[in-house]
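Pulled from TrEMBL, these are the features on record:
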- 23-48: transmembrane segment (TRANSMEM)
- 60-85: transmembrane segment (TRANSMEM)
- 97-116: transmembrane segment (TRANSMEM)
- 141-169: transmembrane segment (TRANSMEM)
- 190-208: transmembrane segment (TRANSMEM)
- 214-231: transmembrane segment (TRANSMEM)
- 238-258: transmembrane segment (TRANSMEM)
- 264-283: transmembrane segment (TRANSMEM)
Amino acid sequence: MTFGWVALAGVRAPAYVSVLKDVLLVLAIMAAGGAALLATGLPAAYVATPAPAVPARQDMFVVSTIMLQSLGLCITPQAVAFVFTARSARMVRRNQILMPLYMLMFPFLYMIAEYVRRRGLAVPSANDVFMLGVTTTLPPWMQGIVAGGCAVSALVILAGVCLAIGPLVSRNMLHGLSDKGQRVGAQVVIGLYLLLCAAGAAGLGSIMVTLNNLYYLGMIQIAPGLLVALCGWRVPALAIAAGLVAGGGLAVGLYSAGLMPEGINPGLIGLAVNALIVATAGLRRPPCAR
């Protein structure tokens, strides 16, 4: 379904349905959260109780992970693909103003999780909490709307990833071919990617979680090089490549060994080493002759 949609509708495919996706996503979560709150009952008056002590390492890991993912989310290829199809910079700014509305759904997600916890419902995995709360609080017709919203959301996100992967391969590895050849090559890459995703989701669930973690550890390492390109700083390409390899290798090595010094996310440590290499090379390079 995703491949056919991308192949027929092209780069604007996600844009056509993204509004419907956003509306269904927010309304579905708000409806499920509201139903969970009504089923659980209004909370009793707040009574101050001593909170259990949280290790400093755990707090450090949470903060460093938030910092890492906030940077990584802004530079992933699928997160910036909309820039290439936007009508103008003003349109991009106007749409980005609405992005914080996504935060509206998190209190309702908490209500659903709290409902499932209080009722003691058997949850096969953490990924099943939302739909379990939906199926036990909403009528069947509302369950269908929520399921449809989930399907559309997954379709839009997956299509966005496909449309980012295709041009990356065709424009960088198949640039010697004609436009038609590049288009066919992009479609082949997208098809292979979807097949691998389906196979991985069906039989390699634990490996997919590991790959997702490695994705963030590696993707964030392009941040120093991207910053150099955006700011026009004169840094040797070899230094950027060395920082990328060193930072990515260190992050993956620490993650594989299960090491987190002082609880800091390994990706952030690798990024610091990467940035240090790039900055050192940039400072040592002589300025442009005038």
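Residue positions begin at 1 at the first shown residue.
Every residue, even glycine, has its Cβ placed from backbone N, Cα and C.
Panel annotation: around the transmembrane segment (264-283), residues 60-61, 64-65, 67-68, 71-72, 216-217, 220-221, 223-225, 228, 233-236, 239-240, 242-244, 246-255 of the same chain, lying at least six beyond its termini, place a Cβ under 8 Å from a Cβ of the stretch. With a cut-off of 8 Å between Cβ atoms, the residues of this chain six or more beyond the transmembrane segment (238-258) that come close are 213-214, 217-218, 221-222, 224-225, 228, 266-267, 269-278, 280-282.
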